[in-house]
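Please read the structure below before turning to the comments.
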Amino acid sequence: MSSSSSVSVVSGATARLLPGGPVADEVLAEVAASVARLRAAGVTPALATVLVGDDDASAGYIRIKQRQAAELGFASPHVHLPASASQADLHAVVADFNADSGVHGVLVQHPIPGGLDYDRALAEVDPDKDVDGMHPVNMGRLALGLPGPLPCTPAGIEALLAFHRVPVSGREVVVLGRGATLGRPLAMLLAQKRPTANAAVTVVHTGVADWPRYTRRAEILVAAAGVPGIVRPEHVRPGAVVVGGGVRYEGRRLLPDVDESCARVAGAITPRVGGVGPTTVAMLFRNAVRAAQRQTGLG
Ligand SMILES: NC(=O)c1ccc[n+]([C@@H]2O[C@H](COP(=O)([O-])OP(=O)(O)OC[C@H]3O[C@@H](n4cnc5c(N)ncnc54)[C@H](OP(=O)(O)O)[C@@H]3O)[C@@H](O)[C@H]2O)c1
């Protein structure tokens with residue numbers, strides 16, 4: 001067993017680890033520099049957050065994002081609605097932030113209480129202020145290759161592969177899962193004509209009963225199913241790069257899609273904790289600062 005950062009801690013494993021922390025650090029350093037330039041030009045970029053209800057985990061995520069926003073130099077106006085808030089109440093808060101030219105990004109914390117419709121609230125956010133990159137207009141921009149905020153987790157995975165010098169262009173990528181948050185936008189992103197993408201992408205899901213046939217030939221395999229332990233060593237091509245995007249939480253326990261024993265077969269693999277997650281948060285702030293740059297014409 002080794003605790004080296006370059007070798008997996010799974011017994012008998014030789015896979016190189018692909019941590020997300022250094023990727024996030026690099027992205028956030030660029031964000032901080034961009035924020036400093038905006039502030040020097042008289043603009044304080046503002047990322048507004050909306051929390052509905054009293055879910056402890058969601059409140060915790062908001063606190064972390066606000067702390068990080070402050071460290072990076074963002075203003076972070078916040079509205080906390082009670083769990084009894086109506087859909088119209090939520091839309092009214094979003095509309096206020098949309099109309100406020102001093103607010104450049106808007107984040108509605110997911111999940112929101114049952115009875116409220118998150119997708120409808122997201123659709124109310126001004127697409128140019130959508131820091132999650134998940135607004136239907138931004139998914140359309142992604143499909144068309146138009147500029148706009150990118151969905152954070154797929155963008156984080158592209159950045160992670162680029163940072164660790166994993167060649168993607170021309171290679172066979174298989175994505176397990178076609179969900180709207182991860183698998184589907186990631187497939188679109190990695191198929192785009194750019195040096196850090198440009199891949200032959202296949203997407204598999206429950207409609208493909210024999211999906212291991214595809215994953216076993218993948219040079220890069222991305223797990224995006226949200227089914228703990230679904231990816232096992234026998235599903236991985238020896239020497240392949242394995243990215244664990246899908247996770248499920250049971251209480252505070254994080255259960256990843258990729259079984260740790262895959263590190264015995266893979267050539268490189270994201271760690272169980274500190275892989276894709278940190279890159280997702282970094283991309284949120286990158287979207288926020290880029291939104292401020294676009295809206296102000298600065299930077
Ligand atoms: N690490 C991060 O920072 C981060 C951020 C965001 C999301 N995530 C995680 O990413 C995962 C995906 O999220 P999402 O919203 O995009 O997906 P989703 O809507 O939950 O969809 C999951 C996908 O996986 C497929 N799938 C599920 N079980 C399968 C099985 N047994 N065999 C084959 N395919 C199977 C489903 O196929 P069908 O379409 O056929 O049902 C579906 O396409 C979740 O675990 C989420 O927690 C992680």
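Glycine too: its Cβ is placed from the backbone N, Cα and C atoms.
What you are looking at is a predicted structure, and each value in this text was computed from that prediction instead of being measured.
Mapped onto three states, the DSSP output places Gly177 (NADP(+) binding site) in coil. Taking Cβ-Cβ distances under 8 Å and a sequence gap of 6 or more within the same chain, the neighbours of Gly177 (NADP(+) binding site) are Gly183, Val203, His205, Ala223, Ala224, Ala225, Gly226, Gly245, Gly246. What TrEMBL lists as NADP(+) binding site is Gly177, Arg178, Gly179, Val247.
Among the features that TrEMBL reports, domain 'Tetrahydrofolate dehydrogenase/cyclohydrolase catalytic' is placed at 19-132.
Residues or ranges marked as domain 'Tetrahydrofolate dehydrogenase/cyclohydrolase NAD(P)-binding' in TrEMBL: 151-295. Here the domain 'Tetrahydrofolate dehydrogenase/cyclohydrolase NAD(P)-binding' (151-295) returns a mean pLDDT of 97 for the predicted model.
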Notebook entry, point to check: Which one of these binding-site residues, Arg178, Gly179, Val247, has the sparsest Cβ neighbourhood, judged by other Cβ atoms within 10 angstroms?
Noted result: Gly179
Notebook entry, point to check: NADP(+) site residues Gly177, Arg178, Gly179, Val247: biggest Cα-Cα distance, Å?
Noted result: 14
Notebook entry, point to check: Can you count helix, strand and coil residues in the domain 'Tetrahydrofolate dehydrogenase/cyclohydrolase catalytic' (19-132) using DSSP?
Noted result: 60 helix, 17 strand, 37 coil
